[in-house]
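Annotated features, as they stand in TrEMBL:
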BINDING   LYS41  ATP binding site
COMPBIAS  311-335  compositional bias 'Acidic residues'
COMPBIAS  602-617  compositional bias 'Acidic residues'
COMPBIAS  618-629  compositional bias 'Low complexity'
DOMAIN    12-271  domain 'Protein kinase'
DOMAIN    389-456  domain 'PASTA'
DOMAIN    463-530  domain 'PASTA'
DOMAIN    533-601  domain 'PASTA'
REGION    297-339  region 'Disordered'
REGION    416-445  region 'Disordered'
REGION    602-641  region 'Disordered'
TRANSMEM  349-373  transmembrane segment
Amino acid sequence: MLNVGVILGERYEVVSRIGSGGMADVYKAKDHKLNRFVAMKVLKPEFSADTNFIRKFQREAQAAAGLAHPNVVNVFDVGEDQGVNYIVMELVEGITLKEYISKKGKLTVKEATSIAIQVSMGLEAAHNRNIVHRDIKPQNIIISTDGKVKVTDFGIARVASSNTISTNAMGSVHYSSPEQVRGGYSDFKSDIYSLGITMYEMVTGRVPFDGDTTVAIAIKHLQDEMVPPSHYVPDLPHSLEDIILKCTQKSPDRRYSTLAELINDLKHSLIDPNGNFVNLSPLSNHAQTIMITPDEMKEIQNSSYSRNSDYDEDDDEREEDYDEEEDEDEDDDDERGGINTKLEKAMTIGGLIIGAVIICILIYVVASAAGIIGGSGNDDQTQQETTDTQNMVTVPDLTNMTEDQAMDALNNLSLGGHKEGEEASDTVPEGQVCRQDPAEGEEVEPNTQVNFYVSTGPAETEEETVTIPTGLIGQTLSEVQSQLQELGLDPSNIQREQNADADVGTVTALDPGEGSEVAVGSQVTITVSTGEGDTMTTVPDVRGYEEADAVEIVEDQGLIAKVEHSYSADAGVGYGQVYELTPQGGQRIEQGSIITLKVLTEETEAETDTESEDDQSTETSTGGATGSTDRSLSIVQPDSYDGQREVRIRLVSADESSSAGADDGTVILQDQVLTFTENSRGEMVYDLGSVQYENGDVLFFDVKDDSGDYTTIWSYNLQVNE
């Protein structure tokens with residue numbers, strides 16, 4: 001067991017232990033290279049000592065690491081450090097499907113079908129890379145907190161099944177296929193069988209085959225007919241029952257050939273629940289019974305199913321999920337005796353009959369291929385080509401979607417998705433898809449992987465710099481400010497100090513100092529002398545003075561003049577003259593204080609619009625909304641919004657606002673990252689466009705957190721100014 005704080009691979013720091021199984025312990029770890037949390041599965045020492053096992057483990061884990069799919073718990077890395085062998089995987093917050101079934105008893109048809117589709121899509125991605133899971137069961141399926149279904153332990157089960165230490169470790173016996181039970185052999189169709197058993201459990205709340213010992217359960221997979229799930233759930237749709245029965249046929253050849261076929265039928269069942277579209281070949285009860293020879297019976301009894309120490313070793317990754325009774329992985333009761341002689345004889349006769357039937361089928365197939373029996377291969381080929389063309393999928397446009405939105409859009413079309421990386425884009429906002437391959441509109445086969453890149457925003461340009469000129473010390477404040485502004489610098493931060501060696505109102509220091517190289521737009525702090533002794537002075541009343549004269553008079557008093565140009569209908573002065581100053585003339589204030597001078601300018605169309613906007617706007621210190629009689633609406637950026645997270649904006653009527661819940665009201669926009677722009681008054685605003693609202697309606701500003709839930713950070717009562 002690793003201690004908290006241990007670092008493996010020079011990047012993975014152990015944070016806490018979150019689970020344990022027979023093969024490995026599971027830890028939550030911090031990936032310092034990519035600054036994210038991961039799950040790290042660390043092999044136990046007894047496995048690390050077997051070099052053959054380690055070699056297979058690394059090879060299979062590396063193969064699984066190349067499997068990237070939204071319905072798979074992705075493997076990021078595999079390595080060895082300080083004698084510790086580990087796999088680094090995606091950390092998924094959620095519960096296992098086993099826990100979910102236990103919690104609900106059984107699942108609804110729609111829920112079970114949706115989960116089965118997602119599991120099938122994850123398995124299909126693995127099968128396309130020639131990876132067989134070999135241990136599909138509810139314990140290896142995780143439902144994340146955001147509702148996504150993910151299959152875990154790809155590649156790991158494969159190594160466990162070939163581990164020489166445990167002879168024939170075949171996964172949980174309740175979900176093992178007949179071919180796994182007989183000889184440990186498993187292929188793609190074995191995963192389909194195990195998924196069928198899992199679907200059975202989802203809709204009924206129970207497994208179809210159970211017993212007192214693991215050997216007894218294994219034999220039932222070979223010999224017993226499955227009780228149809230409709231026996232326990234009479235209202236189960238006919239199509240879903242047929243799908244489950246086809247998945248769990250004892251003969252692999254009678255199951256679905258591919259997961260694509262299974263996915264199509266599952267989707268069809270949602271549209272036509274009681275349809276007869278599932279192709280189930282007729283077969284008598286006796287014909288599906290699998291014969292077990294005495295030698296095979298002995299092998300099953302001596303296999304890992306009858307060894308408690310070897311069976312289902314890695315069943316439960318999470319400590320809180322472990323349940324000894326749930327998997328029936330207890331010591332087997334081999335002393336209960338073997339199969340009776342009559343049953344063995346019956347199975348032998350049944351096996352001979354099956355053999356004869358198979359020989360007849362083979363003769364027919366060979367004759368058909370040779371053209372002896374009627375039928376044209378060309379017709380079949382043409383039909384297949386037509387079917388392939390009809391099944392093609394048009395690649396959607398992913399541009400401007402978030403990564404999650406892109407994955408959902410692709411999954412809805414039975415396509416895979418993979419984020420290849422990030423790149424700069426001048427046209428696509430940060431965090432949204434900017435490029436994809438295949439391109440929008442291309443026709444591809446179902447389950448094709450679409451790779452895409454996510455924008456990091458505009459490319460960084462080399463920062464423009466300027467040099468603060470020398471000779472500014474000793475000049476008046478207005479002179480220095482003017483020169484700094486011409487260079488594109490911000491001279492608005494003014495400080496004052498007593499200085500007997502400098503005239504009142506002159507600049508004594510700059511920060512950054514003269515000769516410094518700074519970025520354009522940087523702020524320069526200017527220190528101004530207030531002279532010595534009494535620092536108080538009287539504000540001169542410069543109303544009616546020309547702008548230049550007023551500034552000079554103010555600065556002669558050791559004050560700082562800040563000029564604002566604006567229009568006022570009742571100014572009472574001529575254009576270019578001061579009509580208002582703050583503080584007012586005659587007041588005693590500290591030298592170095594700022595005096596705001598408002599100078600009258602001619603009325604312009606832009607200023608008229610600004611005044612009208614001012615008259616009709618409402619705002620708060622943390623954010624605001626503006627509305628007009630035509631119901632156009634814009635919002636001021638709330639102080640607590642960082643411009644990085646997705647936003648939802650809701651409108652709740654005045655009479656419902658007091659009792660409104662977290663999701664009530666009309667959603668104006670959702671799942672968007674808002675970019676605010678500066679308006680004429682210096683406010684950062686976002687234009688919502690035309691919105692229908694009434695006086696007193698409430699606008700809610702919700703932000704999505706890491707778990708996908710929305711939290712209200714700001715609300716505002718709207719006022720309509722007619």
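Using N, Cα and C of the backbone, Cβ positions are placed for all residues, glycine too.
Averaged over the domain 'PASTA' (463-530), the predicted model has a pLDDT of 88. Non-local neighbours of the region 'Disordered' (416-445) in the same chain are 68-70, 121, 125, 388, 391-403, 406-407, 410, 451-460, 644, 673, 675; each lies 6+ residues outside the stretch with a CB under 8 Å from one of its CB atoms.
Taking DSSP states H, G and I as helix and E and B as strand, the domain 'PASTA' (533-601) has 10 helix, 27 strand, 32 coil. The number of other Cβ atoms within 10 Å of the Cβ belonging to LYS41 (ATP binding site), over all protein chains shown, comes to 24.
When the domain 'PASTA' (463-530) is classified with DSSP, helix, strand and coil residues number 10 helix, 28 strand, 30 coil.
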